[in-house]
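Chemist: The structure follows.
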């Protein structure tokens, strides 16, 4: 929002120092806007690996869904590179980082970063886009679902990049860009076509043991990110030799491809078995994914809130206020809300709403297009709004 210009001024020095690097390659594995590059290679090989590893006893529905995914391969590739070009993204790619030991991105762990911390991490983005992908797939929107899955795999690839898992930015070390360019130039040498296991062997079968997607996803990503972080200190920093960089890139990219095949395998099973992992489980947090309308003046500078009321009459409301500008025309903004009641289940929530409060005496109107609410790895509410909200107003979404 424009009212947050003072926040941007705090960021100005940091943004200026990174700008020259950003215009080259600040992000993790390379990716082009046309769906090519290292990220796209990882996503493509993830599908190839799974196809090669598929055991003969996999259910027909899994095979059919894999075929649908293959038919939408270009959307997977486009999604796998899109986060580096998303106009809604944070300027410094803060949410592309995740230290598996601290659970933070560099905005909380780096001493030089003095601005507002960003709550989103590469790990949380994996879970968000996976939830959106499963939701759209189950509705038959395979093209959009595959694009979202590609976005999720982009962030998995980021979490599996040595510099990103160690929270070492291009400000911290020139090796960040150099190493990832090194890997991009040699990516075809690092392709793998199998994990060495069939889907009825331990690597794949273990992927299905935890029905709680959020819990499984976090620990699955953590196992790969820990290896990537160790690689930074042992083989990928600026003190290491070219041979050591070659080893680091080979291991990290092989793991990225292997892990991607695992995520896709889990995705295919989740969309095929029809189970709802959010049902009858305690909800610790809600994630709101809000799209602002694309027409002129649809955005707002006013204060925005999200609230819930439970069946026993308890209410909780949160401010929706990301660092930088949000609720801008055409923007897609994500907010995570921690629930005070740790024993709450999604069915215990009776009402949800968004509320607008005027920033100035006059305020301005706001036109949200859509809001999706995610709980326990599933989209539990999808509301098309497309209405103007004026003044101090509350709009009930449930």
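Here the Cβ of each residue, glycine as well, is placed from N, Cα and C on the backbone.
Keep in mind it's a predicted model, so treat the numbers as computed, not measured.
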Chemist: When Swiss-Prot marks a stretch as region 'Linker', which of 266-274, 275-283, 284-292 is it?
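Modeler: Region 'Linker', as annotated by Swiss-Prot, spans 275-283.
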Chemist: Pick from 84, 109: which one does Swiss-Prot list with 96, 154, 158 for the same Zn(2+) 3 site?
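Modeler: The candidate from 84, 109 that Swiss-Prot ties to Zn(2+) 3 along with 96, 154, 158 is 84.
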Chemist: Can you tell which of 299, 324 has the most other C-beta atoms within 10 Å, given these are the binding-site residues?
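Modeler: Sorting the candidates by Cβ neighbours within 10 Å, the top entry is 299.
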Chemist: 96, 154, 176: which of these binding-site residues has the highest Cβ count within 10 Å of its own Cβ?
Modeler: 154
Chemist: For the domain 'PLAT' (284-398), what is the mean per-residue pLDDT, to the nearest integer?
Modeler: 94
Chemist: Residue counts in helix (H, G, I), strand (E, B) and coil for the domain 'PLAT' (284-398), per DSSP?
Modeler: 3 helix, 59 strand, 53 coil
Chemist: Check the Cα distances from residue 301 (Ca(2+) 3 binding site) to each of the binding-site residues 39, 96, 176, 180, 322, 365 and keep only the ones within 10 Å.
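Modeler: Those close enough are 365.
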